[in-house]
Amino acid sequence: MGIFSRLQSLFNVFMTTDTHYVGRFAPSPSGPLHFGSLIAALGSYLQARSQQGKWLVRIEDLDPPREIRGAADDILRTLEAYGLTWDGSVMYQSQRHGAYQDQIDQWLHGGDAYYCQCTRKQIKTAGGFYPGTCRHLHRSAENSAVRLNVDTPITYFVDRLHGQIDIPATLAQEDFIIRRRDGLYAYNLAVVLDDIEQNITEVVRGADLIEPTGRQIGLYRQLQHPEVSYLHLPLAVTDNGNKLSKQNHAPAIDKSHPVPALIAAMSFLGMTPPATLIKEELKDVLQWGINAWCIDNLPKMTEIILTKTH
């Protein structure tokens, strides 16, 4: 093989392994999927499939006290019932604790993280944002949280739907927790390490997760890893302003009749499904969605009030 052919082969490998779209849906097993969950799942699925990309599923079982027995399996069965088939195997955060701890240990040993014993009450008294009290106090590991040194704050990021998102300086500068005092690993650390492990290229999720995005970008830079792009979908809220959520007892979507809920979710996401689509097979409904998907049609809002919950 000549030098040109070898270079071309290397280029092809690079293009197929490093630039291929990989998206994901990462629910927490705190209850069944509801209409708000379906919006996030469908939006991330259509964004991936419309680019012939991979769509992965990760179960974020990071907080056992909030989890409901059997919810993870129920979520997966619901995705299957809705035709939202994923690529590869499902990742479970409960099986990734070793990776999280290894990274924390590396940062602790390198001086990039430290133990903190400040209480929520103390932080509230200090103004609501952590002022770095324990950064140079060499606290013991016992009864301590672990915080990351934030020496280069992320003051803004660009969202693919909402444009530039500015982050308040007090929030951007805060040394944030990467392992809680009770020993549980923080969401921001886990989600970034998992997205890197799964080669995620873009995160499509609900707008309720806009705020922690700056911290997640900061973790990518701390890890010297290229950050993903972000697209935050509008949230479905009730007329009193509450987000549809498991905590607010949003009803589970119907596994036995997926097409009406899928069409409603497509409409919520700015698509215009034809009236005849309700009569089509599930696979044809999803294929219509893949063909019609365009992020330019997404409502540029962080919340949309539903007149009816699903």
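Going from the start of the chain as shown, residues are counted 1 onward.
Just so it is clear, glycine is given a Cβ too, placed from its N, Cα and C backbone atoms.
For Arg24, Phe25, Ala26, Pro27, Ser28, Glu60, Tyr187, Arg205, the entry in Swiss-Prot reads L-glutamate binding site. In the three-state DSSP classification, Ala26 (L-glutamate binding site) falls within coil. The Cβ of Ala26 (L-glutamate binding site) lies under 8 Å from the Cβ of Val57, Arg58, Ile59, Glu60, Val191, Asp194, Arg205, each on the same chain and at least six residues away in sequence.
According to Swiss-Prot, the feature Zn(2+) binding site maps to Cys116, Cys118, Tyr130, Cys134. For Cys116 (Zn(2+) binding site), the same-chain residues that are 6 or more apart in sequence and have a Cβ closer than 8 Å to its Cβ are Tyr130, Thr133, Cys134, Arg139, Ser144, Ala145, Val146, Arg147, Asp175, Ile177.
The feature ATP binding site is assigned by Swiss-Prot to Lys246.
Per Swiss-Prot, motif ''HIGH' region' is recorded for 27-37. Under 8 Å from some Cβ of the motif ''HIGH' region' (27-37) lie the Cβ atoms of residues 59-63, 66-68, 71-72, 74-75, 78-79, 206, 235-236, 243-247, 250-253, 261, 264-265, 306, 309-310, all in the same chain and six or more residues away from its ends.
The motif ''KMSKS' region' annotation in Swiss-Prot covers 243-247.
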DSSP-derived structure type at Cys116 (Zn(2+) binding site), helix or strand or else coil: strand
Cys118 (Zn(2+) binding site) and Tyr187 (L-glutamate binding site), distance between Cα atoms, whole Å: 19
Least surrounded among the binding-site residues, given as Tyr130, Tyr187, when other CB atoms within 10 Å are counted: Tyr187
Candidate with the highest Cβ count within 10 Å, taken from the binding-site residues Arg24, Arg205: Arg24
